[in-house]
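Only one structure is covered here, and it is reproduced in the block below.
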Amino acid sequence: MGEHNHNHEVHSGERLIDAARDSLLSAGEQWTSMRADVFEELASHERPASAYDIADNLSAKRGKRVAPNSVYRILDLFVGNNLALRVESSNAYLANSHPGCTHDCIFLVCDECGEATHVDSDEVSKTVRGIAQDAGFATRRPIIEIRGICASCN
Ligand SMILES: [Zn+2]
Ligand SMILES: [Zn+2]
Ligand SMILES: [Zn+2]
């Protein structure tokens, strides 16, 4: 999926959690127990999860109410530091399987089951950013999402 002329590492499970923690720490942020819990919860979801889903599950796990607002703030911090990806059309989040490297991830969102997988294409990213630049537009973050039917629902 796209040309990677860098060391593109995709993680899952415990290794993903370690990689996420390392990324956040090297950005000078703290890996608090609350942040660790939010990340673990997010990483356990196969489909994009909302701040409300995560707050509900964490409240049950921690035995006391976790406010969606504090989950939002942590998710924002994660997105800003490349630990989580925001699927705009679902208003939900996914753990980033490559926290060590930044891409304009392309999401494939299934209209049937809600699953969102992602692919990376530096070529597409370069083209999209180029179009914006030619229009004199300073790109912050391209959002590329494809709605459709996933392979298992097809
Ligand atoms: Zn990469
Ligand atoms: Zn990606
Ligand atoms: Zn599907």
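Any Cβ shown, glycine's included, is placed from N, Cα and C.
As the structure is a computational prediction, the values presented were derived from the model and not from experiment.
Taken verbatim from TrEMBL:
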BINDING   ASP104  Fe cation binding site
BINDING   CYS110, CYS113, CYS150, CYS153  Zn(2+) binding site
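According to DSSP, CYS110 (Zn(2+) binding site) is assigned to a strand segment.
Note: the CA-CA distance between the residue listed as 'Fe cation binding site' and CYS110 (Zn(2+) binding site) rounds to 19 Å.
Annotation for CYS153 (Zn(2+) binding site): spatial neighbours CYS110, GLU112, CYS113, criterion Cβ-Cβ under 8 Å with sequence separation of six or more. Same-chain residues that are not part of CYS110, CYS113, CYS150, CYS153 yet have a Cβ within 8 Å of the Cβ center of the Zn(2+) site turn out to be ASP111, GLU112, GLY114, GLU115, ILE149, ALA151, SER152, ASN154. Here the binding-site residues are CYS110, CYS113, CYS150; the one with the fewest Cβ atoms within 10 Å of its Cβ is CYS113.
DSSP assigns ASP104 (Fe cation binding site) to coil, not to a helix or a strand. Less than 6 Å separates the Cβ from ligand 2 in the case of none of the binding-site residues ASP104, CYS110, CYS113, CYS150, CYS153.
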